[in-house]
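Chemist: Mind having a look at this structure? Questions to follow.
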C-alpha cells in the first residue's frame, strides 16, 4: 500500500514538473513540427549541417562557431 502511494506521488510530481518546465505548452509542438518539416524540405537549414571551427582555429568570442570553446579568440 505504501509503495503504491509513493508511486502515485512520484508520477504526479514528475508530471507537474514536466508541465512547469515546458517552454511553451500552447504551440510548442506545432512549432517543433513545422521546423522539422522545413528542415526536411531544405536540408541546408538543418543545424546539424552547420560547420564549426576546429582546435586552434581563430574565432570571435561573441559569435563563436567553435566545435568546443572559444578562449582568447582561439578554438579549444
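Quick reminder: no glycine exception, Cβ is built from N, Cα and C everywhere.
Pulled from Swiss-Prot, these are the listed features:
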- 1-22: signal peptide (SIGNAL)
- 52-66: disulfide bond (DISULFID)
- 59-70: disulfide bond (DISULFID)
- 67-75: disulfide bond (DISULFID)
Chemist: How many other Cβ atoms sit within 10 Å of the Cβ of residue 70 (disulfide bond)?
Modeler: 19
Chemist: What same-chain residues, at least 6 away in sequence, bring their CB to under 8 Å of the CB of residue 52 (disulfide bond)?
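Modeler: For residue 52 (disulfide bond), the qualifying residues are 65, 66, 67.
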